[in-house]
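Below, the features straight out of Swiss-Prot:
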ACT_SITE  TYR22  active site, proton acceptor
ACT_SITE  HIS100  active site, proton donor
BINDING   ASN74, HIS80, ASP87, LEU101, SER102, ARG111  substrate binding site
SITE      ARG17  site 'Transition state stabilizer'
Amino acid sequence: MKIMVINGPNLNLLGIREKEIYGAKDFNQVIDYIKEEGKELGLEVNCFQSNIEGEIINFIHNAYFEKYDGIIINPGAYTHYSIAIYDALKGVEIPTVEVHLSNIHKREEFRHKSVTAPACIGQISGFGEYGYIMAMNALKNHIKSK
């Protein structure tokens, strides 16, 4: 089973940016953790990151053309306003789980709404990097049940 993990803007600053919210592990440590846990689950996991909306959309399109079974996406701030990412996710019809390291519903009001989550089978928010592992388990079970 092939899973694409897409991280959006500013996630490359993990371990630098607002450690009290996002944790002390740097981006590469989080990616290594995701890949290691994915391997344990018997998944082929490929991770991508971009601060550019169009590149994120290209990753989503590539997931379709490269025959990925599922997508895990942390759209970062694009969560709250990117209709283009929503459209890309709807367009490829690949089971997707949206992940957020922090609980977006406990933060500033503008972070409470996700325009991208309705294009996903579910959303996991507030469990730090473990949210990606939860998402991999959820995707694996969802795909197997089809």
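Including glycine, each Cβ sits where the backbone N, Cα and C put it.
Quick one: where do these features end up spatially?
Under the three-state DSSP scheme, TYR22 (active site, proton acceptor) falls in the helix class. Neighbours of TYR22 (active site, proton acceptor), defined as other CB atoms within 10 A of its CB across all chains, total 21.
The Cβ of HIS100 (active site, proton donor) lies under 8 Å from the Cβ of ASN74, THR79, GLN123, ILE124, SER125, GLY126, GLY131, each of which sits 6+ residues away along the same chain.
Taken residue by residue with DSSP, ASP87 (substrate binding site) is part of a helix. When Cβ atoms from all protein chains are considered, those within 10 Å of ASP87 (substrate binding site) total 14, not counting its own.
Cβ neighbour count for ARG17 (site 'Transition state stabilizer'): 12 (other Cβ atoms within 10 Å of its Cβ, all protein chains included).
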Secondary structure at ASN74 (substrate binding site) (DSSP, helix/strand/coil)?
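ASN74 (substrate binding site) sits in a strand per DSSP.
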Restricting to the chain of LEU101 (substrate binding site) and a gap of 6 or more, list residues whose Cβ falls under 8 Å of its Cβ, or answer none.
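In sequence order, LEU14, ILE21, TYR22, GLY23, ASN74, GLY126, PHE127, GLY128, GLU129, GLY131 meet the Cβ cut-off.
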Between the binding-site residues HIS80, ASP87, SER102, which lies closest to ARG17 (site 'Transition state stabilizer'), Cα to Cα?
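Closest candidate to ARG17 (site 'Transition state stabilizer'), judged by Cα separation, is SER102.
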